[in-house]
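Input: a single structure, listed below in structure tokens.
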Amino acid sequence: MAGYAMAPGSFELGTFLLCSAGTTLVSGAANSINQVIETSFDAQMARTRNRVLVKGYLSRMHAVGFALGASTVGCSMLYFGVNEMTAALGAANLILYTSIYTPMKRYSILNTWVGSIVGAIPPLMGWAACTGGDLGAGAWILAGLLYCWQFPHFNALSWNIRPEYLKAGYKMMANSHPALCTRVSLRHTGFIAGLSLLAPALDVTNVWFALETLPLNAYFAYLAYDFHQKADSKSSRKLFRFSLLHLPLLMALFLLNKKHWLFREDSKKEMVELEGGLVDGAMATGVFVSGGGEKSEDSSEYLVPNIVADIGAATPSPGSIKAIEDSLLSNVATVLPTAGKQKL
């Protein structure tokens, strides 16, 4: 759930668990349908000939039943437990994978491009789940990184199993267009570097993301260039192995350097609200005391306004000056004789 972790939204455990469970069920349904369709072809490849349907551990009807149940429950969980956008993306990916990508593998090398879209949608689902369905620039950069990464990863993988793909009847670039296979791999490592620079420019991450991913992406591009130049098993194997390390490191750096952490935004918002509340409270208390002359005993903010009010109340009006003078003279006349007697 990389998309959920990297989105600028609050972490809600219930939503996260429902999204994870729903996505897992939809993915399981898609994988089941894929294996039902390709059972006879999987039996011809060493990489897939030990799958449960090929071995007969499960019947194809059992797999279809599981796929129907898992897809129904999974999409329902995403729709009712998360939001409509996440559910729509999940359903679209299920259809794209089973109805377009899987059959296309036997007819066109474009299946690699379609398959890369399939791999880029899950992070969009996680992002949409966290943000309530809002797919901002960060969501598309993240999906773009996943989309581009799959070309050097899969092309390097398929290079060393070309005979098996050919035997099973799959249309892969590594077989029919080897030069295109290596060139596309190199090209998309360049796109990954470009997206890593675009992320801070669009205020998705800080600038450290671009700096920290620079050597990582540069080495990835170097291995892709080596694969493009040599087009052999050794260079493809190096590229494939590093791709397994490149993606988790890239995602970790994206997470650590993301610009908008919700708890930071909430903290700033709370400080602004607190400052505004103190000012408003002081002003409101001052008006109340000045107007009514009463004190709010249960408020710590009444002291300063009350002092101001008391000073204002203690200031005599012009009409009472004569009365004050008479009172002072009377008090002096009373005190002086008494003081003289005590002295004697």
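Note that Cβ sites are derived from N, Cα and C of the backbone, with glycine treated the same way.
Per TrEMBL, these features apply:
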TRANSMEM  57-79  transmembrane segment
TRANSMEM  85-102  transmembrane segment
TRANSMEM  109-129  transmembrane segment
TRANSMEM  135-159  transmembrane segment
TRANSMEM  180-201  transmembrane segment
TRANSMEM  239-256  transmembrane segment
For the transmembrane segment (85-102), which partner among 57-79, 109-129, 135-159, 180-201, 239-256 gives the most CB pairs under 8 Å?
109-129
What parts of the chain pack near the transmembrane segment (57-79), using Cβ distances under 8 Å and only residues at least 6 beyond its ends?
18-19, 21-26, 28-30, 32-33, 35-36, 39, 86-87, 90-91, 94, 125, 129
